[in-house]
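S.K.: I'd like to ask you about the structure that follows.
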Amino acid sequence: MRAGLWFPFLSLVGSCWCAPPQTCHPGDEFLGICSSSSGLEEKPTCTELNLGYCNDLEYSRTIFPNILGHRTRVDAESGAEYLLLSVIHGLLNGECSPEIRLVGCSVIASPCRNDKMIKPCRSTCDALRKDCAHAFEAIEMAWPYFLDCDRFFASEEEGCFDPLRGLRARQELALASIHPVEPSTIIQFIYTSNAQMYSLLKRTAAKCSHISHVYSIGRSTEGRDLLVIEFTNNPGQHELLEPEIKLVGNMHGNEVLGRQLLIYMAQYLCSEYLLGNQRIQTLINTTRIHILASMNPDGYELAASEVEDSNDPELSNQEGHLLNGWTNGRTNAQSIDLNRNFPDLTSVFYRNRRSRHFRTDHIPIPDGYWFGKVAPETYAVMKWIRSLPFVQSASLHGGELVISYPFDFSRDLHEERKFSPTPDEQAFQRLARTYADNHATMSDNDTDRCGAFFHRSRGIINGALWYSFAGGMPDFNYLHTNCLEITVELGCDKFPAEQELYPEWKRNKEALLSFMESVHRGVKGVVKDADGNGIKGATVTVRGIRKAVTTADDGDYWRLLNAGVHILTATAKGYSRVSKRVYLPPNMNRAGRVDFVLTKVPVEPDIDDHLFPTVETWDRFDPYNQFERYNDPDAGGVEREEKPWWWNYFAQSGISPPHWLLRTV
């Protein structure tokens with residue numbers, strides 16, 4: 001697209017174009033801040049509006065000199081402002097268009113009545129900047145000076161003109177013809193490029209800034225952001241006793257349905273919250289939801305180009321493209337399968353599970369792992385998983401129609417398909433059932449399973465019983481943190497046709513919502529000392545389940561449990577051990593509150609600390625600084641000095657580029 005913009009752009013550039021005068025900033029002369037070097041005064045007069053990119057405005061007469069100091073139509077057409085408007089649609093990938101162009105035109109060619117200029121409305125400019133600032137940030141372009149809401153716009157009391165009034169009326173009329181009586185969320189069910197995905201997520205967060213924000217957990221091999229959008233009633237921080245959940249899509253770059261469903265879910269959560277949907281408001285007000293729509297944006301680029309090529313009628317080997325669709329783009333740009341790249345803690349678990357001297361939960365990352373090839377995407381997700389107290393998670397994949405759950409690595413090295421349950425087998429089964437049973441077809445045994453045979457398991461299966469592999473993300477979540485993660489295989493087609501996106505959304509929407517709501521079960525509570533202070537890093541165990549959860553910074557914990565009678569025990573180093581008996585009824589729809597108060601006791605030396613010393617501890621992460629370069633401030637400084645990609649559109653045209661479009665660092 002960028003190359004395609006170059007030719008119409010150059011055709012607009014004339015040799016008469018020049019940069020704004022050095023003695024005045026653009027628009028200052030008209031505002032009386034500085035004077036014309038020629039000393040000549042021109043009487044403003046109304047004239048016919050005849051600017052190609054502005055001829056669809058609500059009026060037909062404008063005035064020169066205009067508010068920016070352009071004295072004639074030719075001056076305006078040769079200005080950087082007009083040239084920017086001519087290509088802004090392409091630069092922003094269609095975002096904020098035609099709004100940006102219409103508002104910009106209302107500044108360059110303001111309406112005129114009785115030889116008097118009518119300025120555009122400041123309120124329109126303010127709203128536009130709030131909605132569209134993210135699109136300029138995405139391409140590292142500064143907000144254009146001529147859209148400075150304070151300098152070139154007026155208030156309603158001054159008799160301003162709303163340049164978007166007609167556009168809004170036409171949009172409302174169009175929506176009325178397809179819109180039901182009750183308000184609902186409008187989602188465009190199309191594929192989105194990486195740039196469009198980033199822009200859409202940022203725009204969604206801006207629209208719902210009181211319940212949402214976006215943040216990056218790192219960058220891919222080729223430098224693309226791993227962008228997460230968060231939904232909660234207090235964005236940006238963990239709240240006491242509020243469970244945290246994550247949804248991850250596009251781990252394999254060619255498995256794209258999950259990526260699109262998560263993008264749609266982000267839009268849905270924002271819109272439905274604003275529309276007053278009580279279910280969505282309750283979910284967001286009581287849960288912290290993190291959505292990583294694409295864990296492998298580099299692989300997606302390759303997969304998307306492969307699918308695009310397969311639609312080319314000039315290509316004869318169509319079957320080859322269909323076959324490659326199962327492989328091309330699966331890995332990251334380093335040809336690493338990200339779902340085989342996590343530390344193999346399952347082997348450590350099997351090796352040590354019969355010894356009381358070794359932990360079988362919160363297993364540290366072996367130092368030897370860092371001598372292998374660790375993908376930057378894997379590294380970023382591991383840091384993310386370690387940094388937040390996630391309770392449960394789903395990773396969305398494609399190629400089958402089933403839910404699999406840990407362990408994914410067989411406990412028998414000689415038998416690749418062997419039932420290999422975790423200590424939380426019952427909890428995992430319920431998690432998997434929650435998604436499968438709320439999916440339109442997944443739990444139906446008559447559903448086509450893409451050729452696989454799951455022994456009439458109604459759409460769920462233990463991962464190792466399906467097929468065994470080491471280094472998977474769900475096993476890492478379970479053995480290194482508190483988090484229980486399932487793998488959602490969404491269907492046979494990894495890159496379905498665009499017309500299938502809406503039907504797939506209908507099949508999966510309720511399953512995704514029910515899965516997020518299911519985090520509110522089991523027990524929750526706070527582990528405190530005698531003074532009422534939360535104890536960080538305390539452990540809470542359940543009798544009969546050899547898997548402990550640890551408390552977050554303020555001492556709160558969540559433990560997913562099925563119905564029944566459970567004995568819970570809380571302990572921390574230097575504190576007493578306290579146990580409680582808990583009964584969870586079958587129909588309980590929210591987590592039970594179980595708090596613990598621990599008293600300090602003398603710390604006795606543990607002989608095991610001396611008999612079984614280890615260098616590998618849970619806190620030992622990236623001990624050899626494998627990824628230090630990603631955090632090097634000097635490297636970042638060099639990168640910031642480089643001009644953005646769109647700069648060449650101006651710099652190579654033989655004219656002085658508008659430096660006011662460069663973002664200051």
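Note: Cβ is positioned from N, Cα and C throughout, glycine not excepted.
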S.K.: Mind checking which of C105, C112, C149 has the disulfide with C125 in TrEMBL?
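M.R.: Looking through C105, C112, C149, the record in TrEMBL gives C149 as the partner of C125.
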S.K.: Would you pick out, from the disulfide-bonded residues C125, C149, the residue whose Cβ has the largest number of other Cβ atoms within 10 Å?
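M.R.: Answer by Cβ density within 10 Å: C125.
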S.K.: List every residue in the same chain as E489 (active site, proton donor/acceptor), at least 6 positions away in sequence, whose Cβ is under 8 Å from its Cβ.
M.R.: H397, G398, G399, E400, L401, V402, I403, S404
